[in-house]
Structure formats: C-alpha cells, structure tokens
Amino acid sequence: MFRCGGLAGAFKQKLVPLVRTVYVQRPKQRNRLPGNLFQQWRVPLELQMARQMASSGSSGGKMDNSVLVLIVGLSTIGAGAYAYKTIKEDQKRYNERVMGLGLSPEEKQRRAIASATEGGSVPQIRAPSHVPFLLIGGGTAAFAAARSIRARDPGARVLIVSEDPELPYMRPPLSKELWFSDDPNVTKTLQFRQWNGKERSIYFQPPSFYVSAQDLPNIENGGVAVLTGKKVVHLDVRGNMVKLNDGSQITFEKCLIATGGTPRSLSAIDRAGAEVKSRTTLFRKIGDFRALEKISREVKSITVIGGGFLGSELACALGRKSQASGIEVIQLFPEKGNMGKILPQYLSNWTMEKVKREGVKVMPNAIVQSVGVSGGRLLIKLKDGRKVETDHIVTAVGLEPNVELAKTGGLEIDSDFGGFRVNAELQARSNIWVAGDAACFYDIKLGRRRVEHHDHAVVSGRLAGENMTGAAKPYWHQSMFWSDLGPDVGYEAIGLVDSSLPTVGVFAKATAQDNPKSATEQSGTGIRSESETESEASEITIPPSAPAVPQVPVEGEDYGKGVIFYLRDKVVVGIVLWNVFNRMPIARKIIKDGEQHEDLNEVAKLFNIHED
C-alpha cells in the first residue's frame, strides 16, 4: 500500500503544475485517505461509491481502503500521463509552426508530403465520386490542359490524378538550370536562377493555387484539384469511370490521359545484380535529381549512358561541376558523336568536342555488353572489349510511354511509334483525349508522330483542353524543343529533326550575344518555349538587301551559329536553329507552308544570322 502511495506521490509532485485544471482542493476532512498523500479528486461515480463504502465501517476495513488507494493512484497516473502527452504534443505543434516560418509554399508542400509518407502512412484524402473533367497524370500536359479548360470554362471543376507525390512541375530545369545553382539548399527549395539572374521555382503554381479534391464538387466557381500519390489502374470507357489503386472509383464526363513515360533501362543493367541496380539512376523526376545531386558529392566517378538531349545535358552539368569537385564524369553512347540521331555528322562531332571541353570524358561508338561489380566499383564491359570502371551509372536512353490503361480501356497502341493512337484532335474515343509523351497523334503536315519534349506537352495539353471544351481543333501548331549544353551553346528545333534525312546547313560567325544566356536575358525566361510558342510569323518575305550567305562550312570549322534544314522530298520538314534565338516563328511558318525551295541559302536569310 505504501509503495503504491509513494509512487503516486512522486507523480503528483511532477504533475501538479500541469494538471491544476483537472482537480479541485476541498476543505480538510478528519477521515482522510490513509497515508495522507492525496488531495481529494473529482472522480467518477463508481469511485465515489467505493470511497463511501470504505468510510462507513463496512466489513473489509483496511483491505477496502487499500483497494481504493490503488484505484485512485492508478487514476492519478493515467490522468497525469494524458496531461503530459497533451502538453508535449501541443509543444511539438508549436515548434513545427515556428520552424515553418519563412519556408516557401513549395517547401512546405514537400515537407508535408515527406512527413505524411514516413513509415508508410499516407494521408487518406477522399476522392470525389464524380468530376466533369478528369486528367490522368500530373505532368506538364495535364497542367496545360487544366489551364486551357479553365480558360474556356471559368467554372470548370478539374481533377488531376497523379502518381507523382509532387504537384505539377516542369522537368527541363532538372537537367539544366538546377545544376548550375550556387544555392546549397537547391535540392530542398527547387528554386533556380535563370541565365538572366531571375529566380524561379520549377513548380507551375504554389499549393495555394489548387483546391482540395474533397471540396472540388462543392466549390461554386470550380477550380483545379490534384490527388498526388494516386494511380489510375482501370479505365472503363463506356461507363465513364476509373478505378484508383486505393480501390476508390471516379466517374467523369471528359477524360484526358497524360500518363507520360517511364525511363528506359538497358538490358545489360536489367540482367545485373541488385547492387548494380541500386547504383544506377534512371533520371526523370525530382527525386532522381535530389538523389543524383547527393551522389555527385559522395562518389569519385559517374558514368552517363546516352548521347541524346538528356544524356548530353546531364554530362555537361556534371562536367562543369567536376571542375570544382574533381569528380570524374564519363559519357558513353553507341553513336559517333553527341546527339548523333539529331544533328548531321559534322555538327555532332563538333558538339562532342564542346562537351569534352566541359570536363567530360566522352566515349562514342560504345555499346554496353554487361555491367558487374569488381573491387567495390562498377565494371562496364563494352562490346568492342573496352572496360569502364565507375562508382555510379546514370541512364538516359529515352522513354517508354505509359500505356497500361490501353488494355482495360480498349484503346489502340501504335505499333510503330508506341503510345496511344489518337486522331488530329488528340481523341482516342469520343470522351477520351491523350496528350504529351504518351500520345501518338496525326500531324496534318508531317504525318503520324510521337514527341517527347516539354513544349509538345504544353501544346498538346492545351489543345486537348480546348477540344475537351468543344473547340474541335486539329493539331497544326508545331511544337519546338531546345537543348542547352551549358550557358554558351544551345539550339532550338522544330519539326522532323532526324540525322538520317538530307540536311543543308548555313552558318555564320557567332557574336558574344549568340548563346543561351543572352537569349534568356532577352526573353525573360529560361523556358524558351514560353516566349516562342505563342508567336506566329504571318508572312515570309526574303529581304532584297540581305547580305549574301556563304557556302556551307566544311568539317573542322567553327559552327558559331547557323540554320540546319531537314528535307523530305525536297520539302523542309525540320529546322535546327544553332545558337540562333527568337526566330522560331519563322521556322514554324516555313514548315507550315510545306513548299519546295530552290535555294535554301535564300531561305536562311530570313533568320538574319549575319546581323551583329
């Protein structure tokens, strides 16, 4: 009895300041509880009855009083523990609020998601049972469609269902500007400084732009809601219904599929063991950028496999970083030069030399045969017998369109290009549209295509949104794409750009203003498609006073700036503007006209490449 009383007394001494509102002190009574340890508590009726029985002289005497003390003691401990827990939780919430002061909305969103997913617990946000506009996928195409729908129908209710835990964001800075940031917290803030010095977030909009998915059906003026971390696993086209991976169902009136793609791997890596796979990055998302940035500070060697846009951009970014860190950066690919599938051979070779000057060890004509582990390092064996030792691998060898919904939805997959096969209005069915990387569409000028670029996601998403609200417009606006190999070399392209096509290139000497940095300063944005997409050239005329255009340079010359025309049946179907910026409307008009040109040197005058 006295041990119990002593324990309770100890708790009382520590908890009295915390629980003053829990009990009241009564006047002193003659018949106090044994041990004289407690003030009298307000207790439940059952305990009051027990106390009355103990003090009435009923049989049991000391034993009954002992039981009462035990019961009251346990009640004291429980009440004290509850009060202590409540106060600690209040203090924790207060500290979290203080810690959150000064954080950007994007960082608050990221921390909230990270906190919610710790230990596998995900907050259960109830999806609405019905929405007028359902967008599957949370990338650029879906966001462009949502904005387009709301522009044409200001009261529209739009729900985006995204497997990605992040809100919609732009991908180009993940392989470009973010790597050149001086901010040590760039992986947390995801803010980057453009070449013109302006700060920008990779998120299209802050969390405050979106409405709650649960509240979406009841909001008077509509809005855009995003369900993150959710995947649509079943599509019923006839029933206008989808099923999510959590079992919930959503019916819709109009649906857009913008599921994007998944980075391709290499068969040699797929065959390798778990350690090789754990030390390989398939670069695509914010999480991949964060992981690779951390890895680049911890290892001595990184090998980038892939010589296209993404591979070359990442290699240059890591190479420039290596000049300060000393990390070895290797890039290998099967083509003869960087971007060999896009650029004519002479320009591909010149570009490769430029990449080398960024601090990258470039290995062309390299086909990976196997990847293993030797002496704690990764060992890449090439088909020609060469071996490459490295600490980490980054694969950038293209995308595989996400078309799983074709099976349950009964949608057609294009056998040549992959992706959902849609018409010129981007329709797969009367109530289903597809946009972005996953759409294999019919281009009324260039034929059937599938494009994996940011601006195409913007253009196709916007068109799909317009058509979902009744526009019935075909795909005719040619999207563009761009690539920067650091701040000094960049190009913009449009149409069918394939090195297997005949090309004609016209070049001139570059000036100090002919680089991506200057282009950004002029346009005000590093996402150059934002300034070029809306522009149109209404009329093309060749100025009679334009200076004469020299002959095409030969191998080994310096290709400072120029225009490369890609031909099919003597018609220009693609154009690359090499260090020539803010001229995309002219290129777009040339492709749209689809005419044969006797002298492309004259056409090159339209781009004013000889102006200082």
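Just so you know, glycine gets a Cβ as well, placed from its N, Cα and C.
According to Swiss-Prot, the features are:
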BINDING   137-141, 163-164, ARG171, LYS176, VAL232, ARG284, ASP437, 453-454, TRP482  FAD binding site
BINDING   GLY307, GLY308, PHE309, LEU310, GLU335, LYS341, GLY398, GLU452, HIS453, TRP482  NAD(+) 1 binding site
MOD_RES   SER115  phosphoserine
MOD_RES   SER267  phosphoserine
MOD_RES   SER370  phosphoserine
MOD_RES   LYS387  N6-acetyllysine
MOD_RES   SER523  phosphoserine
MOD_RES   SER529  phosphoserine
MOD_RES   LYS592  N6-acetyllysine
REGION    133-482  region 'FAD-dependent oxidoreductase'
REGION    512-551  region 'Disordered'
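Structure coloured by features recorded in Swiss-Prot.
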| residue | record | DSSP (3 states) |
| --- | --- | --- |
| GLY137 | FAD binding site | coil |
| LYS176 | FAD binding site | coil |
| PHE309 | NAD(+) 1 binding site | helix |
| GLU335 | NAD(+) 1 binding site | coil |
| LYS387 | N6-acetyllysine | strand |
| GLY398 | NAD(+) 1 binding site | coil |
| HIS453 | FAD binding site | coil |
| LYS592 | N6-acetyllysine | helix |
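With LYS387 (N6-acetyllysine) as the anchor, the candidate binding-site residues are GLY139, ALA141, ASP164, HIS453, and the one with the nearest CA is HIS453.
Straight-line distance linking the Cα atoms of GLY307 (NAD(+) 1 binding site) and HIS453 (FAD binding site), rounded to a whole number, equals 16 Å. Once Cβ contacts within 10 Å are tallied over all protein chains shown, the recorded positions LYS176, ARG284, LYS387, HIS453, LYS592 are led by LYS176. Its own atom aside, the Cβ of TRP482 (FAD binding site) has 25 Cβ atoms within 10 angstroms in the protein chains shown.
Distances between the Cα of LYS176 (FAD binding site) and those of the recorded positions SER267, PHE309, GLU335, SER370 are shortest for PHE309.
For the pair LYS592 (N6-acetyllysine) and GLY398 (NAD(+) 1 binding site), the Cα-Cα distance reads 28 Å. In the three-state DSSP classification, TRP482 (FAD binding site) falls within a strand.
Around GLU335 (NAD(+) 1 binding site), a 10 Å sphere centred on its CB holds 20 further CB atoms from the protein chains shown. Among the recorded positions SER267, GLY307, the residue whose Cβ has the fewest other Cβ atoms within 10 Å is SER267. In the three-state DSSP reading, ASP164 (FAD binding site) counts as coil.
ARG284 (FAD binding site) falls outside any helix or strand according to DSSP and counts as coil. Closest by Cα distance to HIS453 (FAD binding site), from the recorded positions PHE309, GLU335, SER370, is PHE309.
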